Structure formats: structure tokens, C-alpha cells
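Listed in TrEMBL for this protein:
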ACT_SITE  A:ASP204  active site, proton donor
ACT_SITE  A:HIS376  active site, proton acceptor
BINDING   A:GLY54, A:ASP56, A:ASP451  Ca(2+) binding site
BINDING   A:HIS79  Zn(2+) 2 binding site
BINDING   A:HIS81, A:ASP83, A:HIS84, A:HIS150, A:ASP172, A:HIS398  Zn(2+) 1 binding site
BINDING   A:ALA241, A:SER242, A:ASN243, A:HIS372, A:ALA373, A:SER374, A:GLY375, A:HIS376  substrate binding site
DOMAIN    A:26-224  domain 'Metallo-beta-lactamase'
Protein chains: 2
Amino acid sequence: MTNPDTADSATPTLQVIPLGGMGEIGKNIFAYRYGDEIMVVDGGLAFPKAHQMGIDLIVPRIDYLLEHQHLIKGWVLTHGHEDHIGGLPYILPRLPRVPVYSAGLTLGLVREKLTEFGIKDGEVDLREVQPGDKVRIGQHFHVEFVRMTHSIPDNMGYILTTPVGRVVHTGDFKLDEEPADGKTSDLARLEQAGKEGVLLLISDSTNAERPGHTPSEAEIARNLEGVIAGCRGRVFLTTFASNVHRIQNVLHIAHRQGRRVVMEGRSMLKYAQVAQGLGYMEAPDPFLTSDDVGELQDQQILFVCTGSQGQPMAVLGRLAFGTHAKIALRRGDTVILSSNPIPGNEDAVNLIVNRLYEIGVDVIYPPNPRIHASGHASQEELATVLNLTRPKFFLPWHGEPRHQINHAKLAQTLPRPPKRTLIAKNGDIVSLGGDEFRVSGTVPAGGVYVDGLGVGDVGDEVLLDRVNLSQEGLIIMNAVLHPTPHVEIVTRGFVRPNRELDFQIKRVALEVVEQGVREKKRLEDVRDDMYGAVRRFVRKATGRNPILIPMIVD
Amino acid sequence: MTNPDTADSATPTLQVIPLGGMGEIGKNIFAYRYGDEIMVVDGGLAFPKAHQMGIDLIVPRIDYLLEHQHLIKGWVLTHGHEDHIGGLPYILPRLPRVPVYSAGLTLGLVREKLTEFGIKDGEVDLREVQPGDKVRIGQHFHVEFVRMTHSIPDNMGYILTTPVGRVVHTGDFKLDEEPADGKTSDLARLEQAGKEGVLLLISDSTNAERPGHTPSEAEIARNLEGVIAGCRGRVFLTTFASNVHRIQNVLHIAHRQGRRVVMEGRSMLKYAQVAQGLGYMEAPDPFLTSDDVGELQDQQILFVCTGSQGQPMAVLGRLAFGTHAKIALRRGDTVILSSNPIPGNEDAVNLIVNRLYEIGVDVIYPPNPRIHASGHASQEELATVLNLTRPKFFLPWHGEPRHQINHAKLAQTLPRPPKRTLIAKNGDIVSLGGDEFRVSGTVPAGGVYVDGLGVGDVGDEVLLDRVNLSQEGLIIMNAVLHPTPHVEIVTRGFVRPNRELDFQIKRVALEVVEQGVREKKRLEDVRDDMYGAVRRFVRKATGRNPILIPMIVD
């Protein structure tokens, strides 16, 4: 291999290979490859869309990593959100044990997750780093971690020095000037990198369509403090369980206002436990349980609950539908949703909000008052990072095409726009070095569906069946040929029990079967005839196309 | 019956009976009843929610109207939107022929709709009125129509004078100071009614959570004019086909900018045809077809398309997915979405927007720039109507509980709040007169599902089957007992074809069947045993609960 310091056209390029999170929001994972070395970043999951029926979650396809597993030298995790670490239990056990670097809270959450999956500590080589730390991965990757604020503590981007030049990856970020832990983004380090020269910037595109600056957690906390101060009864507050900053601020507010806090819901308790255990959350008063609050007055109680996304089985859902075993909402209570629905969850959240109104509790949610802020940078912040780092090349990441392209357009309006911007997709091999910056090939990429215990045994053809079944249901025709031809009908999801219609379908099927027997047709032909005759009859009689399943017993 | 002019406690009350549109947005219809007379308002449809799988649309249950059909004296239609007139083809033919009053465009759209359903003109007694007209319905209902602005021309509220007092119903409205046809809401008439005394106000709650004032169509038109002026290539604009005001403004903009207009899509053509035919839309230049534009330059063309809600088969959907027979999008084109997704359609619209970005066209949509406005009043406008009419009683209507309750709260903050406000539900009998204003009973209400040719043959239990089928699919076990026990397995929507799993399921089922035959069990017991054994096995082996359908042939 040539000496990277005297790079010429024969020098190997640096490849950036997104396997998830490029052109989508979710299941973030990508690989850097230089020569015979690979370094991987994150390993997230995605939640299914409405048409992906029955799917629990989606993890990235890692064919590329499996095929080149002997080249993997190390792993970097930017932060502890599910879309960055939730896929690791499905990914890490299938690959060689290499060092996995991240900050304390992120590793705490990863450990918790691996334990749930029965993966032992020794099977994974987790190594804690701090922002500012530098590690070498393989021979060629020098990683310097950079603190960036986000909606979870210990979030980091990094500056990656490689033989072809410097890459700045923001990770998920916003530029919060008043984060709950007082630790702001290390813009000085980004600026310095910009002065030293940045070959490539990979930056968070989630909110590239939003003008202005994403509000600080401190502003949200001030607004929440005002709202809670106005509540005379019990307060039930929900937010993302991973938003340790937000919850920390709520704990302080509760303390100042003389309210004791009850944490309700499995994930709320889990995050609080991990964050407290590692020193990322401080409870001014010990948490109570719902059994303990009997002696307190209503205005001395604040519940922090799961269910901000309208999940019917989470705490807020059970409260709204009156199915919580221990707590019943009543007039005088206030429910505060310090969250927005994630796209796809709007209907579920709306249903719960309406139920809460019907119960007669006060319901308070954004945007009026402003009691939620995104964890992702808006246009002004994106411009700041582009201006500070002044990259030669730019890869808008962590977004759908609309977000990537608007991020690219924003970059073009700045005083020193990147020389070239690529809108990449999962599976693209983005090659760079010198003046080269292009998609030079592709690798397999996409999603693996996780459904129950099954990982990958449900594919798109199975989902298509589920969609079809959901639209008009199905009719099973079970024909017995001997001694006397006879047809049984079973339907599901078709129409209400309807003897007349069943009778007619049976008659249509039986006629064809009897004819087939008389003419001594082959079994498959009788089956196909029955299928066709019933299909035509049902379409004409009902205007519908249920799935038909013909079965024949000779 | 007592003389209504000398009303005392024995006087019959006026009943307001919502059968749709109360506590929901959609399928608006309600009845007034006084003594032995009923007057009906509107007859709309609703679109299904995500869990109402395969349903085409939902029409209101009208048991109450069917039961009391001999009392129905007349009908009033406020405007021509689907959620106010779309149910009429399912409703009117089942009830006696009575006068149906509305304005010209609304009746034009109703006629079009009835014709589509093969309902002849003579079967329905449509009577055209103008805002300001007064009609008597039965002996007791005196209706004076009042112009109110909305996102479709010829929209009206009305003042209903009854023996117990005056009711003001706003209909759907916003207070647009610059509507496309220059005809503003008749606030003077509302104010006069307020001075004369209003017993009850029924007002549009849709946007009761929005502060401020809904933008005028004129502001939207100015913003659209600026956007279109900046386009160098072809323009494809989509909006709601029923938004005749918006489309009228677009026709003027196109004319001023030297662009010829092509209307694309069935509903766009239908609305344009009806509106033009009745004089509600004026095309400065004749419309072209997509075949005519070949000789024009790109900057001389503007397509007005269906598909603003992400419908894959509408024009914009086909353009985005490259399946339009005649037109292909290309770089240099601009697609303008002058619309917002209706709740539930966010994902479908997002998919299309992303596809458009990928094609490389410019895509422009609200909120930046502001090129769409709601047709419903925001808080300041709602306050204006409450202040002008000064009702004794208030019924927030056309909204989910969250909208109704926030509308009620808004009313309480005004200088002269209503004496009483009710949050009613579909099926409530709201009785009023003198000092009475209460829910005095209920009637059957709810939705009838329309699916294919079937009206009402799909109920909630069928939908539950569809939901279950969509989650994990199904397994059919067909057991033949003689001469030798034998089991066939068919699955749909379960997992990828998996011989090993099929084999195991068959084995589990066959063991139980063989045992049943040996022990000479009853057929039903063998079937139940097979069901239970396969249920347990599948749950353990796959973590799933598909629908199981056991069939037995003796």
C-alpha cells in the first residue's frame, strides 16, 4: 500500500458505506472502509410503517459486514437511542468480538439491552470513552470524540482522521445552549477541525426543513415549570423515557413545587435506573411508588409515565382507557404530554388525547404551550456546523430524501459551500479521497423484519399477503370429491355471517366440482376451476376480491 | 299541542339529535325535532381510519330517521363537501321524498352524485335557495340561510326560528375577508340575530385549538403567485378538487403568467365541470388536455392535478411512481402541493414527496411558503361569532372531544359567555327550551361500513378478524380422517415458505388426529384438540399467534 502521506491516484480511497439511516430515519449504521480495515458506527433499529403489518421491529441487513467480518477493527456508538443501538443484540453476536467505544450512559444502555437478550458481558468488548478522548481503530482510523447536545446525555459526534483526510460526523445533534447537564456542544473543536481541513462532513438532516433554531431544553423546562405551577391536582407527565435531560428537569421542578415523583412504566423505570446508577440523573427526593402516595395530597404528586406515543398498553394508554390496575384518572388531574407524536403515531396519540378530554382531566400538549422540543438541529444550527467545519465534501445523513436534499440546498446557500454534495442511499459505496467523491458501487442493504421470535422469516411477500388479508379477508373452499362431491366454506374478515351468501358460494363451487368429477378432470384442474368460478361469482355478487383458498380432498 | 307563542312548561322542547359529526370530524348529519316535525341537516360520509381495514367509506346510521320517517318535513344542506353530502345517495332513497334546500353549487354536486348512483332526478326534491332566502319547513321550522365563507363556494349557515327560540348554526366556516368570489360571511345578519336573541349556537369546532385567525384564500393566492412566478419549467399543482376558490385563483394566476392550464384527474375534472357549468368557476383561457401541450414551452404549462392526499392511483401518485400513461416528470418541473395531509394520510403524502425529491423535481409545500389554509375558523373567528350571536346555550359541533371542549373553554373566556354549554355525542337527544338545555335521552347512532357493493355487511367483528389476519396471518389445517388420517397445511401471511416448520406443524396436528381416531373422539373434539396442540406448538416455536383454522373431513 502506498504511504498515505504522499497520496497519489493509486492511493486507496476511503469508503463510507451506509447500511441503514441514509434516505430514512431509523436503523442507523454505517461502515468506513480503508484498505483492509473496517470501522463501524452505530447499530440501530427501525419501527415498522403501517403497511408492514404485524412486524415488531426492523433491523439492518448486514450482509456486507458478515462477508468482510475479518476486516472489522472496531465499532463506535454515538448515543443510546434505539435507532442507534437497538439493533446491536441482533448484530454483535453474529460478528467477531472487536472493541466497541462509547460514552458511559450509552454503554450502560447497551449492557442492559444485551442482558435482556441473554448475551453475556464477556462476549462483547465495550470500552468507555469520554468526549475529547482519542482512540485508534485498526491502523488507519483515528477517532476523536466530540460532545454534541441531543435529547439524551452523553451524545457524541467524532472527528475521524484517515489517510485520505479528515471526516467530521456530527452524529444526531442540536446546538442546545442550555442543556440540563450544562455540557454544551464542542463547537470550538469543530471550528478547529475546519481550520485544519475537513474532507467530508456527515451531518444530521432530520430537521433540515425547519427554519430557525430548535428550542433549548431549558426553554422547555421553564414552560413546563409554569404549566405545573398552575396545576392544583395530581400531575401525570409523559415524555420519551430516554429523554433523561427532560426528566431530570422535571425532577427539579417537582422538588421546587413540593411534588413527590412516581415513575410509572417499564421503560421509564429502566432508563431512570440506568441513568441514576451511572450518575446521569439525580433525584432530589427518592421516587415513590403508586402505593406510597395515598397519604399525600393531590398537589403533592407528579407521575412520570410511559405512553407518549399513544401505545395502548403503556401507562398513559391504560390510564386513558381506564385499564390501569392501581390508578384512575379523575377531574382535577392534569395530563401533560411533553412530546410530539412520531410520524405514524398521530392517530394513536389523538385517540388517547380525546379519551382524556372525555374523562374530564386537563390535557396539555404542544405546540401551545411549547413543552416539547426536537433533539435535532434546525436550519440555523445546520448552517453553523457547515460554516465551522467548511467541508470539501458533504454527505447529508439521517434523513429521508426530502431532508437530505433540503440539507444539501441549505449548504449551497452558505458563503463557502461544499465542493460537492452526494445524496446517498443505504447500500451505496461512497468513495472519497483527493478530488474524488462519488458512489462507486453498491452492497446489499435493507431491512430484516423481526416478528415474534422470528428474525428474517417474514419477507415482503408475506407482508403483501397480510395486506391483502386485511383488505377483504378470505374464503376457504374445502371440496371433498368422494364418495359424493361436497364443499365446505369458511370465511374470515369477509362479511358478517351470511347463510344465503355461503349457500350460493357453495353451490357455485359444487357445480364446478361435480362437473370436474363427471369429466374425470385432474385434481389441480378441479381446484383451479373452483377458484375461478368462485372468484367471478364473489366479485359480481359483492364487488370484492377476498383471498380465495381452494382445497381439495380426493 | 300548546301554542308555541305562549310557551310554558308543558310546551314541547326543541330537540337537536346529531347522528354524525358530533364528537368526530366526518359524516355530518343531524335532525331537529319539534313536536311531530323533523327537519334534517346535511348527510355526509366519513373516511375509514387505519384499523377499519378494507372499508371504502362510512355512512351514518339513520335508524332514528327511518323509524320516524313520516315526521320528516324537509332537509337543509349547508355545502357540497363529502362529509356533508357524500352519504346522501345511501340515505335519501331510503326515506320519503321531502324538499331538500340548498344553494346552486351544492345542489349541482348532489345531482352529479345521485346520477352516479343511478338515482333519478324525480326521486329527490331538490330546491335551490340563495343566502338570505327564507323557507318554512313543516309548521314550526323557519329557516333563513346565511352566507358563511369556507373552502368551497355557496357555503351557508342558517338561522332557524322555532317555537322555543332562535338557533344559529354556523355550518362549516371561516371568516375570510378576501374570498375568491368576493362574497364575505354575513356577519351583520349574525349580529342582528344576536340582538334579537339567540337561544342556541351550534358552531364549527374543527380548529378550536388554533390561536389567531385562519389565513384568507387571498393570502394563499398571493403566495402561490409568487411561487409560480419563480418556476422556469412546467408546474404541477395539486389541491383538494372541491376547493373551487383555490383553483379559480390558480386559473387567474396562470392566465397572468402566460401558462395554459390542463386539469388532470377524474374528480378535478368533475368539480371543474360542475362549477363551470353553474357559473362558479371562470376559466380565462380554455383548458387544454395533456395531448394539446406538445407545442407549448415548459414555462407555458400548468397542470392542476388530483392526488393531494397521497392516493397512489391519483394523478400525482402516478406521476411520482412513474406510472402515468402520458406524462413523465423530469428535472426542471415544479410540483406544488397546495394542501396539507388530512390526519391519517401523512405517511402516504410523505412517501410521494420523497419520491418527487428522488426524481429531482422541485417540490414546494406548506408551511414554508404558506400555500395552504384551512377552511375552518381559528380561535379569533370563533370568538367573533360567539360575541356577535351571544347565545344563551352553546353546542360545539364538528369536532372531536378535544375540539369541542376547547371551543367550550374559549366561549367561557369571553365577556358574555353562554349560560350553558353541552359537549354532545352522536345519538344524544339535546333538548332545549326556556331554561332547559340537557341531554334527555339517546337514539341509535354510529357508522355503517361501505365495502365494495356491500353496505352494512361488514361489522366490527369482521374488522377485528381483518386486524388479526393482518398481524400474523393464518394457518389452515385440513385433516382427513379416513381411510388413513392425514393433515394438509396452508398458510398465508405467516412466514416465508418453510418446509421444516410446515412438517412440524403437520406432525403435531397428525399426532392429535390419530389419537382422536384411535379413541373414537367426536369430530368437534378432534378439531379442538388439533387447534389447541398447534396453537401451543406455534406459539412456542415462533412466538406468534396466527389465526388457526382447523377443518376436518370424516
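A Cβ is built for glycine as well, from the same backbone N, Cα and C atoms used for every other residue.
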Quiz prompt | Members of the binding-site residues set A:GLY54, A:HIS79, A:ASP451 whose C-beta sits under 8 angstroms from chain B | solution = A:GLY54, A:ASP451
Quiz item: Counting only other Cβ atoms and using a 10 Å cut-off, which of the binding-site residues A:HIS84, A:HIS150, A:HIS372 scores lowest?
Solution: A:HIS372
Exercise. Look at the binding-site residues A:ASP56, A:ASP172 and tell me which residue has the greatest number of other C-beta atoms within 10 angstroms of its C-beta.
Key: A:ASP172
Quiz item: Closest to A:GLY375 (substrate binding site): which of the recorded positions A:ASP172, A:ASP204, A:ASP451, going by Cα position?
Solution: A:ASP172
Exercise. Excluding A:HIS81, A:ASP83, A:HIS84, A:HIS150, A:ASP172, A:HIS398, please set out which residues of the same chain place their CB within 8 Å of the center of the CB atoms of the Zn(2+) 1 site, keeping sequence order.
Key: A:ASN28, A:ASP42, A:GLY44, A:THR78, A:HIS79, A:ASN155, A:GLY171, A:ASP204, A:GLY375
Practice problem: Calculate the per-residue pLDDT averaged over the domain 'Metallo-beta-lactamase' (A:26-224) and state the result as an integer. | Solution: 97
Practice problem: Enumerate same-chain residues with a sequence separation of six or more from A:ALA373 (substrate binding site) and a Cβ-Cβ distance below 8 A; give 'none' if the list is empty. | Solution: A:LYS174, A:THR214, A:PRO215, A:SER216, A:GLU217, A:GLU219, A:ILE220
Exercise. Return the single residue from the binding-site residues list (A:HIS79, A:HIS81, A:HIS398) that has the minimum number of other CB atoms within 10 Å.
Key: A:HIS81
Quiz item: Cα distance, A:HIS372 (substrate binding site) to A:ASP56 (Ca(2+) binding site), nearest Å?
Solution: 27
Quiz item: Using the residues the record lists for substrate (A:ALA241, A:SER242, A:ASN243, A:HIS372, A:ALA373, A:SER374, A:GLY375, A:HIS376), what whole-number Å value is the largest Cα to Cα distance?
Solution: 17
Practice problem: Any same-chain residues 6+ apart from A:HIS376 (active site, proton acceptor) with CB under 8 Å of its CB? Would you list them in sequence order, or say none? | Solution: A:HIS150, A:ASP172, A:PHE173, A:LYS174, A:ASP204, A:THR206, A:ASN207, A:THR214, A:HIS398
Self-check item: Separation of alpha carbons, A:HIS84 (Zn(2+) 1 binding site) and A:ASN243 (substrate binding site) (Å)
Solution: 15
Quiz prompt | From binding-site residues A:HIS79, A:ASP83, A:SER242, the one whose Cα lies nearest A:GLY54 (Ca(2+) binding site) | solution = A:ASP83
Practice problem: Determine the minimum-neighbour residue: among A:ASP83, A:ASP204, A:ASP451, listed as recorded positions, which Cβ has the fewest other Cβ atoms within 10 angstroms? | Solution: A:ASP83
Quiz item: For A:HIS372 (substrate binding site), what is the secondary structure by DSSP, using just helix, strand and coil?
Solution: coil
Quiz item: Once the DSSP letters are reduced so that anything not helix or strand counts as coil, what is A:ASP83 (Zn(2+) 1 binding site)?
Solution: helix
Exercise. Take the Cβ of A:GLY375 (substrate binding site) and count every other Cβ within 10 Å, whichever protein chain it belongs to.
Key: 25
Quiz item: What same-chain residues, at least 6 away in sequence, bring their CB to under 8 Å of the CB of A:ALA241 (substrate binding site)?
Solution: A:ILE247, A:GLY265, A:SER267, A:MET268, A:LYS270, A:TYR271, A:THR306
Quiz item: Cβ-Cβ under 8 Å from A:SER374 (substrate binding site), same chain, 6 or more residues apart: which ones?
Solution: A:SER151, A:LYS174, A:THR206, A:ASN207, A:ARG210, A:THR214, A:ASN340
Quiz item: Do you see any of the binding-site residues A:HIS79, A:ASP83, A:ASP451 whose C-alpha is within 10 Å of A:SER242 (substrate binding site), and which ones?
Solution: none
